[in-house]
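Colleague: Okay, here's the structure, questions in a sec.
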Amino acid sequence: MTNFETIGRRKSVQVIFEPTTKKDRYTIKADDPEVREILRRGIEREHTLEGKERRTRFRDLVFTRQFTTFDRKNPSNAGSPFHGFFTLFWLAMGLLLLRVAAQNWREHGSILGSNEIMKMMFKRDVVVLGLTDGVMCASTAFGLLLQKTILKGYLKWETSGWIIQNAWQTLYLGAVLGWTLYRNWPWTHTVFIVLHCLVFIMKQHSYAFYNGYLSQVYRRRSLLQGKLEQLNIITPITSPTSSERRKLSSPTSALDQLDQNTAHRRQSTGPKSSTNLKNERSEISTIAASIESGSSLDADQLSTFSSIIRQEISALDAELMGKCTNKPSAYPANLTLANSADYICLPTLVYELEYPRQEHINWWYVAEKSAATFGVLWVMMIVSQAYIYPPVAETVRMKEAGMPLAQRWREFPWIVSDMLFPLLIEQLLSWYVIWECILNVLAELTKFADRGFYGDWWNSVSWDQYARDWNRPVHAFLLRHVYHSSISAFHISKRTATFATFLLSACVHELVMWCLFRKVRGYLFLSQLSQLPLAMLSRTKLLKGRDVLGNVVFWLGLFVGPSIITSLYLIM
């Protein structure tokens with residue numbers, strides 16, 4: 001039984017009032033450790049610097065105005081000494097297309113060649129694919145309905161709310177995967193819809209768990225406002241009785257217990273999301289127990305307790321505001337269909353109450369990036385048709401012909417070598433079209449100002465640096481909702497949380513490979529998990545401080561790895 005539970009049953013608080021040299025002024029003394037602690041911290045709080053920032057659970061990410069590295073709006077891009085290499089790359093891609101077009105004309109009488117990939121993409125169910133994507137997008141409104149239900153008090157986030165949300169996300173993913181199997185879509189349709197499904201799941205998760213947390217903060221604030229009203233109607237005792245003066249023989253003054261290092265103390269007096277004041281160990285819990293027990297309190301005690309509660313309410317108000325610059329965007333005013341729909345369209349996977357925005361839309365910029373999107377997709381399709389489709393078709397032919405596995409293994413090195421350069425080009429183009437083109441189009445259309453969608457991952461000297469920089473939106477999601485959340489919820493170590501984060505990422509990558517090959521082999525799964533020991537290796541004496549060697553190892557893995565993994569899925 002804790003001391004906090006004991007206080008809840010007390011009928012009075014034993015204190016001693018010692019007269020001072022000033023009329024009607026007393027020094028409060030008490031032997032009760034909880035009462036002394038409340039009084040001491042109340043005095044400390046008065047000396048705490050008001051402008052001191054607090055570390056909060058969901059405000060670990062900062063959104064700022066910035067541009068992507070290859071964006072022409074980026075002022076550092078035009079002056080980059082490597083700008084010529086960027087021009088050279090696209091010139092090389094253009095010449096490659098000319099070569100492929102000439103070869104196709106020579107062999108097939110058409111610059112498009114046999115064009116199997118294009119036919120596969122648009123042969124059937126294009127309209128169904130679009131409708132499916134629309135239904136997936138509209139279904140994200142479930143999170144808003146759940147949060148509205150929680151706000152009205154029909155459900156509590158900490159008990160049933162988060163369970164319902166996770167069950168919905170599981171059902172959402174299962175329904176999409178089942179639909180792709182039912183329609184028997186080609187891999188192009190399946191990969192697109194599954195990847196978009198995963199994006200929507202991450203968005204829904206962030207929206208639900210942040211607003212769910214804020215719903216607990218909101219309920220806690222309401223509880224404390226009720227306690228403050230109870231304090232306001234309590235009649236203070238006017239003077240100490242003679243029996244109270246004899247309670248202690250050697251009292252300790254709360255004033256004497258004041259810690260000199262008050263500036264380093266946290267302003268909040270309890271867990272911001274706790275709504276069970278009886279079970280938490282905090283000043284607020286002790287004050288609430290004293291109020292419920294009907295303890296006799298004098299004017300100074302009431303003033304101290306009221307001050308503590310008001311400061312806690314102020315801290316909760318700040319938490320409900322998040323990064324908002326105006327109250328209309330704060331919780332619960334943010335629970336609107338417009339806010340939810342706006343967030344779904346934003347190029348971010350982490351929900352915030354407010355984001356930095358630009359003043360207007362540059363439609364010429366939208367047209368430029370849209371044209372780049374379709375142009376790069378066209379290049380990718382040509383490269384796939386000319387250099388990736390033939391070896392893939394050959395492996396399929398070998399399997400259909402009943403070629404033994406041992407004989408297929410003899411072809412493995414040649415398949416790997418055939419795919420080395422095409423897959424590297426496809427990797428680079430896939431990354432560019434998504435993180436440089438598509439996300440910038442979305443950002444411009446939604447006036448989203450923070451466009452730090454990636455870092456200079458090409459300079460990575462370790463795999464953990466690459467994981468942080470190549471896909472900033474997903475990294476931010478994993479950092480907040482997997483890494484930090486697993487530490488706070490399950491009280492695990494940072495190393496375990498890191499493993500859990502990479503494990504989840506590996507499972508998702510293997511899911512995508514299942515969509516491609518309709519088989520689970522675990523090659524990409526193991527490859528993803530191997531980044532952990534490789535990251536540890538980069539911190540050893542062998543690689544630490546040797547940036548050039550680390551970058552060579554990184555590029556070697558990125559160059560050879562996809563070709564080997566893809567060939568394994570094709571051969572086996």
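Glycine too: its Cβ is placed from the backbone N, Cα and C atoms.
According to TrEMBL, the protein carries these features:
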- 82-102: transmembrane segment (TRANSMEM)
- 126-146: transmembrane segment (TRANSMEM)
- 185-202: transmembrane segment (TRANSMEM)
- 240-280: region 'Disordered' (REGION)
- 249-261: compositional bias 'Polar residues' (COMPBIAS)
- 268-277: compositional bias 'Polar residues' (COMPBIAS)
- His509: active site (ACT_SITE)
- 548-571: transmembrane segment (TRANSMEM)
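Surface or core, plus neighbours and distances: that's what I need for these features.
Modeller: Residues 155, 161, 164-165, 168, 172, 176, 179, 183, 185, 189, 192-193, 196-197, 200, 203-204, 207-208, 211, 335-337, 340, 344 of the same chain, all 6+ positions outside the transmembrane segment (126-146), place their C-beta atoms under 8 angstroms from a C-beta of that stretch.
Cβ neighbours within 10 Å of His509 (active site), excluding its own Cβ and spanning all shown chains: 16. Reduced to three states, the DSSP call for His509 (active site) is helix.
If you look at the transmembrane segment (548-571), the same-chain residues 6 or more away from its ends with a CB under 8 A from one of its CBs are 391-392, 395-396, 405, 408-409, 411-412, 415-417, 419-420, 423-424, 427, 459-463, 466, 513, 516-517, 519, 521, 523-524, 527, 534, 538.
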Colleague: List, by number or range, the same-chain residues at least 6 past the transmembrane segment (82-102) whose CB is under 8 A from its CB atoms?
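Modeller: Same-chain contacts beyond the flanks: 70, 111, 113, 379, 382-383, 386, 425.
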